[in-house]
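Mind having a look at this structure? Questions to follow.
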Amino acid sequence: FSQCLAPKPTPNCFVSTLPVTPHTNPQVTSTYFLASSYWKGFLCAICGAVVVRLIILARFDAETAESPFFDTDLSGDDFHYAELPLFALLGVFAGLAGTAYVQFDALVRRVLKRMQSASAKDPKKQENLVRGKAIGAVEPGPVPMLSDPETARCGGCVVPKFHPVVLVTIVGATTAIIYFLTGDFNQQNLFSIVDDLVSTEPLGDDWKLYGAEDVTIGYVLLVFLISRTILQTVTTNLKIPCGNFIPCFTMGCAFGRIFAIALDSVFPQYDFSPAGYALVCGAAFTASVTHTISTAVIALEFTGALEYQIPIFVCVMASYAVSLYLGTSLYDMKMRDKNMQHLPALTADQTFQLNARDVMKTDLVVLSRKTSLARVIQRLKDVHFSAYPVVDHQANMVFLGCVSRRALIRFLYLHALKNDIEKELVKDLPKDYTPKVVEELEMSFG
């Protein structure tokens, strides 16, 4: 559980305020977190920010070290407060788009699992995949039984099984087509793309489709948004996945520019700033995917566009409310899919009627004071705890204390050496002790 909530110091290297990352990591993982993880994140954030500033100062001047990561030319004159309803409407659309993206990511994850099931050698594992174990892990409720054992239905479509080589070929060919045959914009790194999208200057020659240079920029951004969505959902579901924050922010910026272009076509008499809407929607879309409000602060800090703080917060709050009402975040869905231990947020109606016994386990693994050696050995084989609670009796369950696993195994080895007749009991014990340690125990007993 603590590893699941382990903080990451990387995002703080791109912003200017230290507490942002420690606040963001608990939000994107679970509502409840360990206090020790927060302080670890705070220390890592300080170290990361200081080291990055020192490296920049060693090569550049102080002004470069204090400049934001994505420098923009946005000012307070680029928007009017009468546009706040439009920013709120954009937040609603961003919340819907973020929820759709999370569901599409879950669908791609189920499809990839189904396509990879052909290489599963374990019949039980393959049966679990066919029965829809992945679907049950993502969607709460009973696990659906699939009627056809040779095909699985993912999102209503039948997905065939493929050999791993065929699967790699399909994924690689699709990625190459999207990456190289659309335009130069897909071949840039994400940081350059964000720089272009939040810049007040018109998009350059890189933002053109191959073979269709006369297509308007709105269609180009739409192609970019669709292609990035496909590529991102595939890369985040790999064994070693890539990140989510900057790619989601990039897709949100593209969506915001499309929204600004649509407004400009509907209301040509007004002057809308595509860069401003890109920045606002980038924060809102990321907030809807991750269910974090602190993305608004991060967007303000790594762009330096403090004049847009009110539109950003209005848009982020709207998208956060919509996404929170419609579904779970991307991180919570992945945690459920991987069966990680987490405590979800409980509403007020649920907490008032919830008792401690409703969330606590009833089948406790305990050792009574008069437990037999055979039962102790069986407990050691079945459950690998570092320590076991000891009670007075199984009936009254009066807690007496705890005994460590290593102490139990040491006792059993020494007891078996003392009583030759009971050596058969410990011959299949888990090898917590190496043969060298067992030999030392024999020598010490002798």
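Cβ coordinates are placed from backbone N, Cα and C, and glycine is handled just like the others.
So TrEMBL lists these for the protein:
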| type | residues | note |
| --- | --- | --- |
| TRANSMEM | 42-60 | transmembrane segment |
| TRANSMEM | 80-104 | transmembrane segment |
| TRANSMEM | 162-182 | transmembrane segment |
| TRANSMEM | 215-231 | transmembrane segment |
| TRANSMEM | 275-300 | transmembrane segment |
| TRANSMEM | 312-331 | transmembrane segment |
| DOMAIN | 360-421 | domain 'CBS' |
Taking 80-104, 162-182, 215-231 as candidates, which has the most Cβ pairs under 8 Å with the transmembrane segment (312-331)?
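It is 80-104, which has the most Cβ pairs under 8 Å.
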Do the transmembrane segment (275-300) and the transmembrane segment (80-104) come close, with at least three CB pairs under 8 A (pairs 6 or more apart in sequence)?
yes
What are the helix, strand and coil residue counts for the domain 'CBS' (360-421) according to DSSP?
26 helix, 13 strand, 23 coil
Could you please provide the mean pLDDT value for the domain 'CBS' (360-421)?
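A mean pLDDT of 80 is what the model gives the domain 'CBS' (360-421).
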